[in-house]
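Undergrad: Encoded as structure tokens, here's the structure I'll be asking about.
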Amino acid sequence: MPRYQSLVRALAGRGGIRMAGMALAGALLVALAAQIDVPMYPVPMSLQTLAVSIVGLTFSPGAAFAALAIYLSLGAAGLPVFAGGEAGLWHLAGPTAGYLFGFVFMAWLTAMLVRAGWRGSFGRYFVAALVPSLLLMVPGVLWLSWASGMTLAEAVATGAAPFLVGKLVKTALAVLVVQAGWRFVARRRMARPPRRPGRSVLPER
């Protein structure tokens, strides 16, 4: 298998400033996806996890972690980036806090799995994105139960069970987006003049 390279690195190239900009772009992608939601109480169902999966599948582990940390920081600072245009530090201690902090772990773990070799085929990418998405429910449900006074069974019924089918669909969409991104990279590389021997960079497979 060719050496690991994230899709973001393949598209944006090297450089600390570029990668910082891409981390901010990842945070804004999650913020935008959070505004497309299906209202449910107390956990809104949105496209956030789709965006978090895309970030995890396309960024390096460190950059994925940074992107979601930036996202939480923007919301805590008062920018309306949380689901439904919500903002404020109190959200990081409210019923959805387990999911919000879990996003950071989800993006990081997805990127770690991709770097570990879960990439290339649809199935491998799907596993790399789905496993962290399912694990997100653990801190989400536990914190929801504690913060809202629900029993654990009630928290699962409210904050996990309704979203299982949606997770499968959103994971598949995230993989399709990433694979389309790599096809674009491959076409762009084929259109370039040949590199000198020893300097070629293989596309991720």
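In case you wondered, yes, glycine gets a Cβ from its N, Cα and C as well.
Where the annotation comes from TrEMBL, it is an automatic prediction and has not been curated.
Residues or ranges marked as transmembrane segment in TrEMBL: 20-38, 50-72, 92-114, 126-148, 168-186.
Tell me about the setting of these features in this model.
TA: Residues 8, 12, 44-48, 50-52, 54-55, 59, 63-64, 66-68, 70-71, 74-75, 79, 81-85, 103 of the same chain lie 6 or more positions beyond the ends of the transmembrane segment (20-38) yet place their CB under 8 Å from a CB of it.
Same-chain residues lying 6+ beyond the ends of the transmembrane segment (50-72) with a Cβ under 8 Å from its Cβ atoms: 6-9, 19, 22-27, 29-34, 81, 92, 100-101, 103-104, 106-112, 114-115, 125, 128-129, 132-133, 170-171, 173-175, 177-178, 181.
Sequence-distant neighbours of the transmembrane segment (92-114) (same chain, 6+ residues past either end, Cβ-Cβ under 8 Å): 4, 6, 30, 42-44, 48-49, 52-53, 55-57, 59-61, 63-65, 67-69, 71-72, 75-76, 82-83, 125, 127-129, 131-133, 135-136, 138-144, 147-148, 159.
Residues 42-43, 49, 52-53, 56-57, 93-99, 101-103, 105-107, 109-110, 113-114, 118-119, 154-156, 158-160, 163, 167-168, 170-172, 174-175 of the same chain, all 6+ positions outside the transmembrane segment (126-148), place their C-beta atoms under 8 angstroms from a C-beta of that stretch.
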